[in-house]
Amino acid sequence: MTTNDLRELFLDLNVKFDEELKKYTNTKTGGKADVLAFPDSIEETEKLIKIAKKNNVPLTILGNASNLIVKDGGIRGLVVILQHLDQITVDGTKVTAQAGASLIGTTRVAAKHSLTGMEFASGIPGSIGGAIFMNAGAYGGEIKNIVESVKLLTRDGEYKTYTVDELDFGYRHSRLQSEDDIVVAATFKLEHGDIKKIRERMEELSFLRASKQPLEYPSCGSVFKRPAGHFTGKLVYDSGLQGYTVGGVQVSKKHAGFIVNIGNGTGKDYLDVIHHVQAVVKEKFDVELETEVRIIGED
């Protein structure tokens with residue numbers, strides 16, 4: 001399908017054509033999307049998906065483009081970033097957030113209503129949709145422990161709901177990783193708590209994160225899953241890889257579990273660093289480092 005064909009299909013919608021994705025990814029890398037959309041409502045999202053389905057346009061859904069690496073060749077077809085779907089509501093001890101709402105923002109709303117259970121996520125720079133997709137977690141907490149249900153939109157434009165038991169959560173895993181359904185909202189079951197203690201815990205975790213993680217540089221967060229019996233950062237550090245650099249991408253000198261863009265890094269730079277780290281850790285410790293970050297797009 002030509003660029004002109006795509007323009008005709010999506011002309012009446014609020015989209016961008018041939019847009020550089022590096023403007024929107026947390027790594028500040030990534031080639032062009034043929035069509036890029038930021039829907040303002042679930043209904044608009046549904047319309048975009050139906051157009052793509054009807055016309056066989058490839059479709060890629062992103063939350064807020066945080067825990068992923070987009071390759072330099074970009075992404076063909078339609079890319080939908082859900083960050084404008086950010087409504088958050090509270091009903092008793094239940095918090096419902098749309099897929100594009102930030103985890104940080106959702107934890108703050110929960111805290112404002114003296115609801116506890118979500119503090120662990122207060123420093124995770126991702127969206128609700130992405131957090132469900134990969135069962136995000138930190139500091140001993142995981143999304144699976146607080147989710148009650150998730151509302152999904154199928155590629156056919158139909159809606160369905162999964163309970164937590166139906167999502168097949170595991171370590172950085174959910175069944176959504178092998179399915180095409182799109183998270184549009186999630187409901188969390190929390191508990192009443194002491195607002196002072198909730199905020200103290202959130203401040204404590206924010207301090208820990210700022211003191212240990214390289215927040216001063218663009219990154220995709222934690223790159224590798226934690227292998228059983230090991231700490232990823234220690235394996236990388238003990239392999240002598242801290243500070244290893246390709247182009248503008250570097251294994252962080254502050255935390256060896258992070259890979260950062262120190263200036264004009266590319267998707268290829270990221271992948272070259274990742275593959276080198278995997279190879280060296282495998283050679284030195286016979287441990288396979290599996291990526292946690294989502295890698296998409298064309299070379």
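A Cβ is built for glycine as well, from the same backbone N, Cα and C atoms used for every other residue.
For Arg172, Glu292, the entry in Swiss-Prot reads active site. The active site, proton donor annotation in Swiss-Prot covers Ser222. Taken from Swiss-Prot, the feature domain 'FAD-binding PCMH-type' applies to 29-193, supported by sequence analysis.
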Separation of alpha carbons, Arg172 (active site) and Ser222 (active site, proton donor) (Å): 11
Assigned element (helix, strand, coil) containing Ser222 (active site, proton donor), judged by DSSP: strand
Other C-beta atoms that fall within 10 angstroms of the C-beta of Arg172 (active site): 21
Coarse DSSP state, helix versus strand versus coil, of Glu292 (active site): coil
Other C-beta atoms that fall within 10 angstroms of the C-beta of the residue listed as 'active site, proton donor': 22
Between Arg172 (active site) and Glu292 (active site), the C-alpha gap once rounded to whole angstrom: 7
